[in-house]
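> My questions will all concern the structure given below.
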Amino acid sequence: MSFLNPVGPALELGINIDHVATLRNARGTTYPDPIQAALQAEEAGADAITLHLREDRRHIRDADVEAIRPLLRTRMNLEAAVTSEMIDFSCRIKPQDSCLVPEKRTEITTEGGLDVVTHFAQVQAAVKQLQAEGIRVSLFIDPDDEQIKAAAETGAPVIELHTGRYAEAHDQASMEKELERVRAGVREGIRRGLKVNAGHGLHYTNVQAIAAIPDIAELNIGHAIVAQAVFVGWHKAVSDMKAIMLKARLDAVGKA
Ligand SMILES: CC(=O)[C@@H](O)[C@H](O)COP(=O)(O)O
Ligand SMILES: NCC(=O)COP(=O)(O)O
């Protein structure tokens, strides 16, 4: 139970540091250093550090993951595609959390959730392999009942609902429709006994409605925080996001 939210489940913030590495890789420099970003994010209030080792290594690299893993005081949430290379790598690194995500080489960013229904056997085998190493597995899926059902049937204890469609909605009506899909997904996940996280495309003015959904346990946010840090500094960018999320959750619990 959270000190800030004594009447409801805690809401945690996983800081995604991928785009610190994007900036570093743009010039082939050693700065900005994702290790420093991870450690300073923890000091600023991050509850976990999320990083996505893409197959094309466009941002985070193997060496980043290896260096950061033993230094974290919170937990590592390592995102990876369902391939034998990535699952074997995760089993070697042993993050506390492994989030299985879909990947397309040509996408600008993760376009949708993992299709657990279609790739059930492959996903279930990956979940089992990771769980055998003591890693908690999360499946990054769309807020869709069939996907949530399939995710629960793999034995994974956690789902992360993809909020990209909510974040990209261009008008109030479609935003409300996507928000309702997320709310329904959270209810279905909880009904099936899962820990329900959410993330993708969240920023300082759209996070409130998602944070207000009482049963979401954790939000993973990256790109917007790295962008905001350009103007206010990394520590403030992280701590402001956490404060906004927690205020939204407290306000929602107070109104309930
Ligand atoms: C799975 C997810 O939502 C994040 O890992 C996100 O994908 C990171 O940013 P990119 O999609 O830009 O790699
Ligand atoms: N899993 C979602 C995530 O890690 C954050 O994605 P974004 O905030 O960079 O879109």
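Our numbering is plain: 1 for the first residue shown, then up by one each step along the chain.
Even glycines carry a Cβ here, placed using N, Cα and C.
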> Report the candidate from Thr30, Thr74, Thr109, Thr118 that shares the 1-deoxy-D-xylulose 5-phosphate site with Asp18, His19, Arg54, His59, as recorded in TrEMBL.
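1-deoxy-D-xylulose 5-phosphate site check in TrEMBL: besides Asp18, His19, Arg54, His59, the record includes Thr109 out of Thr30, Thr74, Thr109, Thr118.
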> Let me check the 10 A CB neighbour count of Arg54 (1-deoxy-D-xylulose 5-phosphate binding site). How many other CB atoms are there?
19
> Can you tell me which of the recorded positions Glu79, Glu160, His200, Gly201, Gly222 is spatially closest to Asp18 (1-deoxy-D-xylulose 5-phosphate binding site)? Compare CA atoms only.
Gly222
> Using CB under 6 Å from any atom of ligand 1, narrow the recorded positions His19, His52, Glu160 to the ones that qualify.
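Checked recorded positions vs ligand 1; flagged His52.
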> For the recorded positions Asn16, Arg27, Arg54, His200, Gly201, His223, which sit with their CB under 6 angstroms from an atom of ligand 2?
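The recorded positions passing the 6 Å Cβ test are Asn16, His200, Gly201, His223.
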> In the same chain, outside Asp18, His19, Arg54, His59, Thr109, whose C-beta lies within 8 angstroms of the Cβ mean position for the 1-deoxy-D-xylulose 5-phosphate site?
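Surrounding the site, in chain order, are Asn16, Ala21, Thr22, His52, Arg58, Ile60, Gly222, His223.
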